Amino acid sequence: MDLVGVSSPEPGPAAAWGPSKCPWATPQNTVSCSLTEVMSEELAKELQLEEEAAAFPEVVVAEGPFISGENIDTSSDLMLAQMLQMEFDREYDAQLRREEKKFNGDSKVSISFENYRKVHPFEDSDSSEDEVDWQDTRDDPYRPAKPIPTPKKGFIGKGKDITTKHDEVVCGRKNTARMENFAPGFQVGDGIGMDLKLSNHVFNALKQHAYSEERRSARLHEKKEHSTAEKAVDPKTRLLMYKMVNSGMLETITGCISTGKESVVFHAYGGSLEDEKEDGKAIPTECAIKVFKTTLNEFKNRDKYIKDDFRFKDRFSKLNPRKIIRMWAEKEMHNLTRMQKAGIPCPTVVLLKKHILVMSFIGHDQVPAPKLKEVKLSNEEMKDAYYQTLHLMQQLYNECTLVHADLSEYNMLWHAGKVWLIDVSQSVEPTHPHGLEFLFRDCRNVSQFFQKGGVTEALNERELFNAVSGLNISADNEADFLAEIEALEKMNEDHIQKNGRKAASFLKDDGSPPVLSAD
């Protein structure tokens with residue numbers, strides 16, 4: 001069989017000088033393909049397949065139930081993915097904590113990145129050593145439900161069902177919820193399970209009461225810390241006493257030995273001072289520390305003893321009440337110093353530090369000397385004590401130019417067979433507007449005590465007043481006697497304002513009303 005090729009007629013060559021033909025109208029030439037070439041390509045393809053089959057034999061895979069679509073289980077994969085995600089979240093949270101710690105540093109104001117955490121507090125069980133049960137408080141029955149907030153437009157609803165922000169029920173529930181903002185110590189009651197509604201009037205009254213109670217508690221707390229109480233001292237006073245012991249002036253403070261309306265007295269053992277040799281003053285072996293109370297409860301009604309005293313009159317109006325108490329301690333120091341120079345038995349002043357006065361201790365081995373009210377004396381000792389008291393009153397009036405103003409059996413001690421005078425912080429000079437009245441009151445207290453004690457020689461208050469002051473006031477009854485005393489005080493006060501004299505000795509040589517001496 002002859003192989004016959006199939007071919008298309010070829011066009012002849014075109015003349016160069018002939019007219020040009022359009023390329024779109026020119027048919028494409030068909031490439032002829034012989035039968036021999038086709039047979040050779042199929043043979044080559046078969047040979048290639050045989051070689052591939054020989055080189056790569058076919059692997060037969062047996063069919064099993066594990067590849068069926070009905071039994072596919074991916075729960076373990078989901079759990080692994082969740083565990084991996086949780087680990088990634090914890091690493092992210094740890095990185096946030098490091099960044100937060102680095103960002104805050106040692107600053108007192110810190111910024112928290114807790115809102116950017118990925119792990120929930122309930123799931124983050126490894127973040128704390130102690131296992132704490134986390135409880136979602138969103139549905140806590142013990143937490144009152146928050147009122148529905150009012151939108152910006154100011155009302156809710158439409159038509160007849162409009163509810164404004166001024167609605168009585170809405171305002172009542174809001175006021176009930178606002179009670180949680182009161183101070184922790186303010187009792188607001190338990191309203192669980194009750195739909196409480198407080199009116200604006202009641203809520204405003206409660207709010208004002210809560211604020212006033214908070215301010216009052218703060219004042220009481222401050223007053224307790226900054227004021228002395230009975231048998232106790234405030235921190236500032238305690239610090240002053242500690243400095244006295246630390247400096248070596250006092251060896252030790254044993255405890256409280258007496259309490260009064262204005263002061264508390266402590267016992268202490270004396271030490272030594274660095275400038276003790278220079279001053280020539282030795283600290284007693286036993287000392288009494290008189291701490292004036294800073295509560296101001298008793299001093300408010302006792303300012304008349306100091307504001308009219310010319311020694312402190314100019315300073316009294318310029319001081320606040322707390323500094324006035326320090327002036328009381330200073331006044332007692334000056335009075336004791338004046339009495340000590342006159343030889344009157346009284347405590348010796350060692351040191352004055354603000355409102356703390358250190359004096360010599362009248363007693364022995366931490367046992368204070370008894371008061372005349374407490375001691376039991378025989379008739380001879382009581383008589384001796386009376387004449388000693390009379391002499392001390394005359395000596396205090398004439399030599400010290402002072403009136404005790406609170407002399408009684410409670411402010412006189414019996415020690416070593418002598419009468420000792422104490423508590424002279426309120427003592428004034430006779431030129432005081434009420435000095436003679438204070439002297440008459442002292443005479444009454446002394447006369448009544450010794451008359452009750454069995455001293456028949458004791459003078460009455462009018463006779464004792466004339467004996468001490470040297471004035472010859474003759475009056476049959478107490479009312480007339482007091483009237484003459486007030487008249488004398490008025491004359492003396494007018495004389496002081498007219499002449500400007502500050503001397504305190506009365507002229508007693510003539511019978512005229514007492515005036516101030518020129519010297």
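The chain as shown is numbered from 1 upward.
Cβ atoms here come from the backbone N, Cα and C positions, even for glycine.
Look at Swiss-Prot and you will find Ser8 (among others) tagged as phosphoserine, backed by similarity to another entry.
In this structure, Ser112 (phosphoserine) belongs to neither helix nor strand by DSSP; it is coil. If you look up Swiss-Prot, you'll see Ser112 (among others) marked as phosphoserine, on the strength of similarity to another entry.
Residues or ranges marked as region 'Disordered' in Swiss-Prot: 122-159.
Under the heading compositional bias 'Acidic residues', Swiss-Prot lists 124-134.
Sequence annotations record features per position, and here Swiss-Prot assigns phosphoserine to Ser125 (among others) based on a large-scale study or a structure entry.
Residues or ranges marked as phosphoserine in Swiss-Prot: Ser127 (among others).
Among the features that Swiss-Prot reports, phosphoserine is placed at Ser128 (among others), with the record citing a large-scale study or a structure entry.
Here Swiss-Prot flags 251-519 as domain 'Protein kinase'.
Remark: Val265 (ATP binding site) has Cys256, Ile257, Ser258, Thr259, Ala288, Ile289, Lys290, Val291 as non-local neighbours, by Cβ distance under 8 Å and separation of at least 6 in sequence. Annotation comment: Swiss-Prot describes Ile257, Ser258, Thr259, Gly260, Lys261, Glu262, Ser263, Val264, Val265, Lys290 as ATP binding site.
Under the DSSP three-state reduction, Asp406 (active site, proton acceptor) is assigned to coil, being neither helix nor strand. Among the features that Swiss-Prot reports, active site, proton acceptor is placed at Asp406.
The phosphoserine feature in Swiss-Prot is assigned to Ser512 (among others).
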Of Ser112, Thr259, Ser263, the recorded positions given in the record, which has the fewest other CB atoms within 10 A of its CB? Ser112
Report, in whole Å, the straight Cα-to-Cα distance of Asp406 (active site, proton acceptor) from Ser263 (ATP binding site). 15
If we take the residues Ile257, Ser258, Thr259, Gly260, Lys261, Glu262, Ser263, Val264, Val265, Lys290 that the record assigns to ATP, their largest CA-CA distance in Å comes out at 14
Which of the three DSSP states, helix, strand or coil, fits Ser263 (ATP binding site)? strand
Report, in whole Å, the straight Cα-to-Cα distance of Asp406 (active site, proton acceptor) from Lys261 (ATP binding site). 13
Any same-chain residues 6+ apart from Asp406 (active site, proton acceptor) with CB under 8 Å of its CB? Would you list them in sequence order, or say none? Asp423, Gln426, Ser427, Asp442
